[in-house]
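Enquirer: Below is a structure I'd like to ask you about.
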Amino acid sequence: MLLKNCRIIKDNKIIEGDILIDENGRIKKIAKDIKVDDEIIDIKNSLVIPGVIDAHVHFRWGEEKKEDFLSGSLAGINGGVCFAIDMPNNKPPITTKELFYKKLEDCKKDSKINVFLNFGVTENNYLGTVEDAKAYKIFMVKSVGDLFIEDYSKLKDILNQNKLFCIHAEHKDVINENLKKYQLNSWIDHCKIRDEKSEVEAVKEVIKNLKIIDRQSNKKPHVHFCHISTKEALYLIKKVRQELKNIKITVEVTPHHIYLNKDMAEELKGFGKFNPPLREKDDNIALIKGIVNKDVDIIASDHAPHLLEDKLKNVKNCPSGIPGIETIVPLTLNLVNKGLISLFDAIRVLSKNPAKIFNINNKIEEGNLANLTIIDLKKEGKINAELFKSKAKFSPFDGWEVKGFPIYTVINGTLYEAYGCKC
C-alpha cells in the first residue's frame, strides 16, 4: 500500500513525500514520488503523525456490557488512536499475575489496536514484578477490591523501586472529611466532596516520599501522575521536578479537565461526573498553559464507558467516568486551531511524549511497523456520539463544533477510516 501526497510530521518538521507500506505492515520506503504497482491511497496533503497513544483507558474487561477489547479498540481506530494502555481496576482487579495474563490473552485475541496493560499495586503485592506490564498503577483512594493504598505510610517502600508508577492522586482522608460536611444531593456536591484539596494533598503525600527516596536511596522510580486537574498540583509538581536528582516525574491531563469546569456541572449532569471531578475555569487555563510550557507531558482520555441508563441516574447512583478515546484527537487539534497550543505541542502530548514515557515505538521510520494517525487539521465538524464505535454512545462534547479531525488510522500497516471521514 502506498500513501500518496503525505505531509509527514517528523522531528518537529513537516516533510512532504509518500509512504510505502509492505505486505508485513512495515514502512518500506519514505520518499517523494514513489512509483509502485500497488494499492494507492491519495491522502491529499493531510498530515501524517506518529500513531497517537492514549495512555489511560478502561476497556472494561469483565464488564462487557459497558465495553470490551473489540468495541474499545474499534473506538480507538475511529478516534485516530493506534495504541492504548488499559487500567487494572477491573472486576476482579488485576492484582495477580494469573489475572493479568488472563486479561492479556483476551486483549491479544480481541483488540484491533495495540493495547498494553497496567498492573494494579496493593499493600501486599507491591514488591512483585510482571514482565509484560507497561506500568504499575497506584490508587490513593478506594477503587475495586484491594486495589487501593489505604496506609499512606507504606508509600515510601512501594515507590522505592526502579519501576514506572501511574498514580491516581486523590487523598482519601480529605474526601472522608468532606463526606462529613456535604451530602451528595447535587452535581456540584460531587466536586465539593472530591475537591481541589484532595488532589493537592495526595500530590504532596507522594512528593514527600519521593524526596526521602531521592535523598536516601539509589533507586530511580518514575512517577507518572494521572489526570492532574488543578493548577496548584501542577505547580507543586513543576517545583519538585527541579529539585529531584534521581527521580523522574511526568504529568497527564485529560481533555475534559481542559474544556469543562464547575460552572457546567448542573447542565452536564451525569455526563460531567468523573474522578477527579470538574474544577474551576482557572484550572482549565492552567492546564493549557502547562501544555505550552511543557509542565504537562501528555494528554490521555481516561476513557471510562458506562451504560447510558446508568449515566442518566441521579447523582447518588450515577457512576463516575465518560468515554473519551474517540474525542481525544479532535479536542486536542481544536486547541491548535484556537491558537492555544501549537501543532507540535499537540503531537508532543499525543504521540511523542507517551512513546518516551511508556517505551512504545511509534516512530515514522523505514523498517518500523506502520502505526500512523492521519489528520485533517482544517476539517470542521460536530462531535456526534451516535457515530461512536464505543458501546458508550454519549459524551459531554456531543454536538460541539470543533476543527481538526483524524481521517485515517493505520494499525500495523492496515488502513482504516477514522471519525473525520464520517462527520
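In case you wondered, yes, glycine gets a Cβ from its N, Cα and C as well.
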Enquirer: According to Swiss-Prot, His56, His58, Lys137 bind Zn(2+) 1; which of Asp302, Asp310, Asp345, Asp376 is also listed for that site?
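Expert: Swiss-Prot lists His56, His58, Lys137 binding Zn(2+) 1, and from Asp302, Asp310, Asp345, Asp376 it also lists Asp302.
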Enquirer: Looking at the binding-site residues Phe59, Arg60, Asn89, His227, whose Cα is closest in space to that of Asp302 (Zn(2+) 1 binding site)?
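Expert: Of all the candidates listed, His227 is nearest in space.
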Enquirer: Considering Cα atoms only, can you say which of Asn89, His168, His227, His306 is the nearest neighbour of His58 (Zn(2+) 1 binding site) among these binding-site residues?
Expert: Asn89
Enquirer: Please identify, from the binding-site residues His56, His227, the residue with the sparsest Cβ neighbourhood, meaning fewest other Cβ atoms within 10 angstroms.
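Expert: Lowest Cβ count within 10 Å among the binding-site residues (His56, His227) is His227.
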Enquirer: Listed binding-site residues are His56, Lys137, His168, His227; which of them have CA atoms within 10 A of the CA of His306 (substrate binding site)?
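Expert: Hits: none.
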Enquirer: State the count of C-beta atoms found within 10 angstroms of the C-beta of Asp302 (Zn(2+) 1 binding site), not counting that atom itself.
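Expert: Total other Cβ atoms inside 10 Å, all chains included: 28.
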Enquirer: Given the binding-site residues Arg60, Asn89, Lys137, which lie close to His168 (Zn(2+) 2 binding site), meaning Cα to Cα within 10 A?
Expert: Lys137
Enquirer: Inside 10 Å of the Cβ of Asn89 (substrate binding site), count up the other Cβ atoms and send me the figure.
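Expert: A 10 Å sphere around the Cβ of Asn89 (substrate binding site) contains 22 other Cβ atoms.
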